[in-house]
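One structure below.
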Amino acid sequence: MISTMIPSRGLIEAAFPGFAVSALVAATAQFLSDHYGAPAMLLALLLGLALNFLAEDGTRTAPGVAFTARTVLRLGVALLGARISAGMLAALGPGAIALVAAGVVLTILFALAASRLVGRGWRFALLTGGSVAICGASAAMAIAAVLPRHEKSERDLVFTVLSVTVLSTVAMVLYPMLAGFFGFTARDSGVFLGGTIHDVAQVVGAGFSIGPEAGETATLVKLIRVSMLAPVVLCFSLAIRARGLADSRGGKAPPLLPGFVIGFLVLAALNSLGLVPAAVSELAGQLSRWALLIAIAAVGIKTSLKKMFEVGTGAIALILAETVFLAVFVTIGLHVLG
């Protein structure tokens, strides 16, 4: 198993040009984000889309772009586990945990039901529903890694990442005002923001725009949603496998549990046991963020902008409906919990 995780020298040489281009795009996106405030994920995706010609067959960069979009992506998701610990659950309380967990499950079920109304398949429903329910772009990339591939897989992933990133940015501005309108306390505002906004960075921005208590609570709630990524991906993988829909190469069945999910769970367990020093956990979080940023740049490079626009209005309506559903559910839940 370990040997399969370590790229051969030939693979490294073939992949380096494409990886280097993806890393350069990611660094550029981060620079622009730091200086102009736009989300780095969104910028990396848009810059990548403009460089689609680098992924065309026969180019030196194509193999590395494909490698980065797949393998580096999985590494980034696995490293997210180092930020998760069981202590987070105890700090929040059972009522809020139940509300967050129910929001994740019901949003995914809503996506599966609503997708039929707009003529979208179950793959697209799991991709968009999971990304809205859990952690935006990171969840979209993790879920895409276990879904059976088809000719529109890359297009659907780019659409989902683009949509949840834009919606997260809008929510970062709008949702704190809604929290004030609903009369939420600082703690409830944090639960609302952390339980509804898609991406971690926008959750932090929205929470601390209200105050320190709201910001800390929002971040904690968001990380608990992130901790549900591995169980949800595992459930998706098991369901797909049970129905005989999983991808297979050379007639060999795919692994029951993807390696990156195992990595996520192992790191989360080690962190829960206090075996991961705070400095290492912080470093793993930074490495994860950069790996995901580089991977989404590669996904953008791989995707044709023309094909992405073929996704249709039904897909846009679906992801908007999922976002509204989650926000309404958490709002009602907070009022019920009092």
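For all residues, glycine too, the Cβ spot is worked out from N, Cα and C.
Per Swiss-Prot, the features are as follows:
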- 12-31: transmembrane segment (TRANSMEM)
- 36-55: transmembrane segment (TRANSMEM)
- 75-92: transmembrane segment (TRANSMEM)
- 96-118: transmembrane segment (TRANSMEM)
- 125-147: transmembrane segment (TRANSMEM)
- 162-184: transmembrane segment (TRANSMEM)
- 191-213: transmembrane segment (TRANSMEM)
- 223-245: transmembrane segment (TRANSMEM)
- 258-280: transmembrane segment (TRANSMEM)
- 315-337: transmembrane segment (TRANSMEM)
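The stretches the transmembrane segment (191-213) and the transmembrane segment (258-280) are not in mutual contact, being linked by fewer than three Cβ pairs under 8 Å (pairs 6 or more apart in sequence). When each of 12-31, 223-245, 315-337 is checked for Cβ pairs under 8 Å to the transmembrane segment (96-118), 315-337 comes out on top. Across 36-55, 223-245, 258-280, the stretch most heavily in contact with the transmembrane segment (75-92), judged by Cβ pairs under 8 Å, is 258-280. Of the recorded ranges 125-147, 162-184, 258-280, the transmembrane segment (36-55) has the largest number of C-beta contacts under 8 angstroms with 162-184.
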